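Database features, via TrEMBL:
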DOMAIN    10-138  domain 'Methylamine utilisation protein MauE'
TRANSMEM  12-30  transmembrane segment
TRANSMEM  50-70  transmembrane segment
TRANSMEM  77-95  transmembrane segment
TRANSMEM  122-139  transmembrane segment
Amino acid sequence: MFNKLMSGRAYFIIRCILAGVFLYAGAGKLMDVQGFATVISGYGLLPDQLNIVAAVVLPLAEIVIAAGLVWDIKGSLSSYSILLLIFMGVLAHGINMGLDVDCGCFAPGDPEGEAYHSLREALFRDVFLLGACAYLYFLRRFKGYRSKSIFAIVSR
């Protein structure tokens, strides 16, 4: 059992699961950019002019990072981890401020619905995803799995 958790197959499956989460989240947000910009504005962290920019850039970044994880491109796991840490910081800010906003994690939803407690659930989900990233780093370190340069993939 332990060998299966340390296998190349497990490394690939975990990468694909993480990529699937970001791909699903990014695609959902791109379907309603204006709604996602409204969710972002609810946190009060950006000037109003930047909310729409962030509503486009963040989902695109999630999709690009997801593709990078599937092909195991250098920097994609680090980018995933950094973006998760940023999301966790925003969620912690929302919880700390007692904000009644949609977490905006997958697609803009009803801000009135399950808003406040969904921030905590989203934070715990992000902690779990970050743990999966840490496990991939562990496998890279101790099993020798290596990500590839984008140039090595493109030049094929």
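Here the Cβ of each residue, glycine as well, is placed from N, Cα and C on the backbone.
Looking at 12-30, 77-95, 122-139, the range that has the most CB pairs within less than 8 A of the transmembrane segment (50-70) turns out to be 12-30. Through the fold, the transmembrane segment (122-139) approaches residues 6, 10-11, 14-15, 17-18, 21, 77, 80-81, 84-85, 87-88, 91-92, 95, 103, 105, 145 of its own chain, all at least 6 residues removed from its boundaries and within a Cβ separation under 8 Å. Over the domain 'Methylamine utilisation protein MauE' (10-138) the predicted model carries a mean pLDDT of 91.
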